[in-house]
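First the structure, in the form of structure tokens, and then the observations on it.
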Amino acid sequence: MSESPKKVIVGMSGGVDSSVSAWLLQQQGYQVEGLFMKNWEEDDGEEYCTAAADLADAQAVCDKLGIELHTVNFAAEYWDNVFELFLEEYKAGRTPNPDILCNKEIKFKAFLEFAAEDLGADYIATGHYVRRVDINGKSRLLRGLDGNKDQSYFLYTLGHEQIAQSLFPVGELEKPQVRKIAEDLGLITAKKKDSTGICFIGERKFRDFLGRYLPAQPGKIITVDGDEIGEHQGLMYHTLGQRKGLGIGGTKDGSEDPWYVVDKDVENNVLIVAQGHEHPRLMSSGLIAQQLHWVDREPFTGTLSCTVKTRYRQTDIPCTINALDDDRIEVIFDEPVAAVTPGQSAVFYSGEVCLGGGIIEQRLPLTV
């Protein structure tokens with residue numbers, strides 16, 4: 001008797017990547033069903049969020065492929081485990097990455113549990129551009145084949161057990177191939193542009209959105225030399241390395257370097273700026289990271305040479321990691337790096353393999 005095909009639940013977002021993922025899995029002989037997750041309740045009456053349109057697109061794709069689409073509402077889990085933490089970080093003057101939190105708490109936790117327990121799935125699948133491979137009996141995370149679209153940075157919190165239960169069909173393809181497949185199949189999502197912005201904000205204006213949940217606290221903008229040159233509307237609206245939107249004009253006569261945010265003094269509600277994108281105050285020799293997640297789930301001890309990204313789409317930076325204690329590491333860069341931002345994630349790689357990462361707690365200044 002032949003074994004019945006394994007059941008996969010694909011997280012259908014209404015985008016092209018998850019659409020093609022579902023079709024690819026059908027071709028590979030899996031029993032495929034879709035699941036649309038609603039993670040945010042629109043309470044503002046304005047059609048900021050495209051959830052309804054995305055659901056309609058996901059349904060149209062599932063109809064075309066002849067697969068069932070389930071829907072689930074994870075808005076409560078999202079609010080408690082992603083959004084509240086996101087606001088807390090902003091209040092503390094840090095710059096969090098909600099997409100990483102969403103993958104950790106919703107897509108590879110709430111969704112994984114729901115698919116297995118309620119829908120009887122053997123696997124879940126998503127449209128992420130990453131690959132998985134087994135190394136010494138443990139599933140490991142690799143960068144996506146399309147270096148331009150690789151999303152391993154957002155998935156570093158996943159452990160080998162979660163990866164073992166997850167499939168990433170488009171991770172083996174390049175984006176133009178994915179669009180071509182969707183076009184050839186006549187899928188409604190073939191030409192849909194990639195979603196940008198944070199999942200719960202959609203394309204809406206970030207400043208307006210944040211201002212609804214956190215009261216703005218205006219304060220001084222001060223240069224590294226201590227001169228007051230303007231007022232900011234709230235530290236939460238600014239991130240290290242930012243140049244636009246400071247409201248202090250570029251330069252007096254156009255000949256000087258523009259102003260960049262180089263630091264935040266949270267205690268005194270002061271934004272600190274300097275001229276030039278390579279100003280020493282903007283550069284770091286390394287960082288301290290905490291809340292570590294290693295894909296192999298082995299504790300890190302000792303020292304390791306590898307590469308790191310301190311933000312998405314950054315070129316890999318050669319570095320050395322030193323264990324400080326169970327949940328903190330010191331990372332020393334081979335060369336100084338600009339705009340290392342507390343609250344963001346530092347993600348480590350050995351070649352194609354994503355090793356894991358942690359939250360940047362502090363940056364290490366250049367030693368003069």
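Cβ coordinates come from backbone N, Cα and C, glycine included.
These numbers come from a predicted model, not from an experiment.
Here's what Swiss-Prot has on this protein:
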ACT_SITE  Cys102  active site, nucleophile
ACT_SITE  Cys199  active site, cysteine persulfide intermediate
BINDING   Gly11, Met12, Ser13, Gly14, Gly15, Val16, Asp17, Ser18, Met37, Gly127  ATP binding site
DISULFID  Cys102-Cys199  disulfide bond
SITE      His128  site 'Interaction with tRNA'
SITE      Gln344  site 'Interaction with tRNA'
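When the C-alpha distances from Gly11 (ATP binding site) to the recorded positions Cys102, His128, Gln344 are tabulated, the minimum falls on His128. Largest Cα-Cα distance over the residues recorded as binding ATP, namely Gly11, Met12, Ser13, Gly14, Gly15, Val16, Asp17, Ser18, Met37, Gly127, equals 16 Å. Inclusion criterion for the recorded positions Ser13, Asp17, Met37, Cys102, Gln344: a C-alpha placed within 10 angstroms of the C-alpha of His128 (site 'Interaction with tRNA'); this criterion is met by Asp17. In three-state terms derived from DSSP, Met37 (ATP binding site) belongs to an extended strand segment. The two recorded residues, Asp17 (ATP binding site) and Cys102 (active site, nucleophile), have Cα atoms 18 Å apart. Put simply, Gln344 (site 'Interaction with tRNA') is 14 Å from the residue listed as 'active site, nucleophile' when counted between their Cα atoms. In the three-state DSSP scheme, Asp17 (ATP binding site) is classed as helix. The number of other CB atoms found within 10 A of the CB of Ser13 (ATP binding site), across every protein chain shown, is 23. Distance noted between the C-alpha atoms of Gly15 (ATP binding site) and Gln344 (site 'Interaction with tRNA') is 26 Å.
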